Amino acid sequence: MAAVFLGSGAALLVYILAGLSLRWTFLALVVGGVTVATVVIRRLPAARRAKITRRIVIGAIAGFVATLAYDAARLALVEFAGLKLKPFEAWRLFGLALAETEQTSTATFVLGTAFHVCNGIAFGVAFTVAFGRKGIWAGIVWALVLETFMVSVYPGWLGLKALDEFLSVSITGHLVYGSVLGWLAKSLLGSSRWGEDDRNPSSATWQRSSVESG
């Protein structure tokens, strides 16, 4: 199930490595993933369906917050260390690849930023569905796996010369992303505010029903 939420990241790899259209690959994989997820979730028993749906929502929240933390950490490192690296240059390239036509610099940047945030949220959902209650260390391992893919393709794609700076900023950002994602996903899944104990939704549902009826 978690794999269907990796469509945006897969589309980017296909674009960089094979040169296929990012726009159409992204749309095809995302629409396909959403369709598959919807069909699978609808066929699940009610308790299991509620659990997966809750994890998707929590994963989206945790992924969004972790993405903000990731970008803040990268920007802070560049500013305070006086690095020459442009941490958000990839966003502009995302926007150009998605637009495929001449756009204003602002429109291109906004489009690329939206794609970046979409990736961060999708990775958060995939993690939470698969490993949501594993905590910070699992989040860090997940982020380092993402880092490995990024390091393997970004330097050549971006034509980076300051590789040491890129690695320092990228690793720092992913460590922060993974820590925030792992901590927040586990915290939200264990929160009573979400109505059920994620470890045993059927039991929790029964207990809540008993309390309400009593």
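Each Cβ is built from the backbone N, Cα and C atoms, and glycine gets one as well.
Per TrEMBL, these features apply:
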COMPBIAS  201-214  compositional bias 'Polar residues'
REGION    192-214  region 'Disordered'
TRANSMEM  28-44  transmembrane segment
TRANSMEM  56-77  transmembrane segment
TRANSMEM  109-129  transmembrane segment
TRANSMEM  136-154  transmembrane segment
TRANSMEM  166-185  transmembrane segment
The transmembrane segment (56-77) touching the transmembrane segment (166-185) per 3+ Cβ pairs under 8 Å rule: yes
Which of 28-44, 56-77, 109-129 contacts the transmembrane segment (136-154) most, counting Cβ pairs under 8 Å: 109-129
Outside the transmembrane segment (28-44), six or more residues from its ends: residues with CB under 8 Å to it: 1, 4-8, 10-11, 52-53
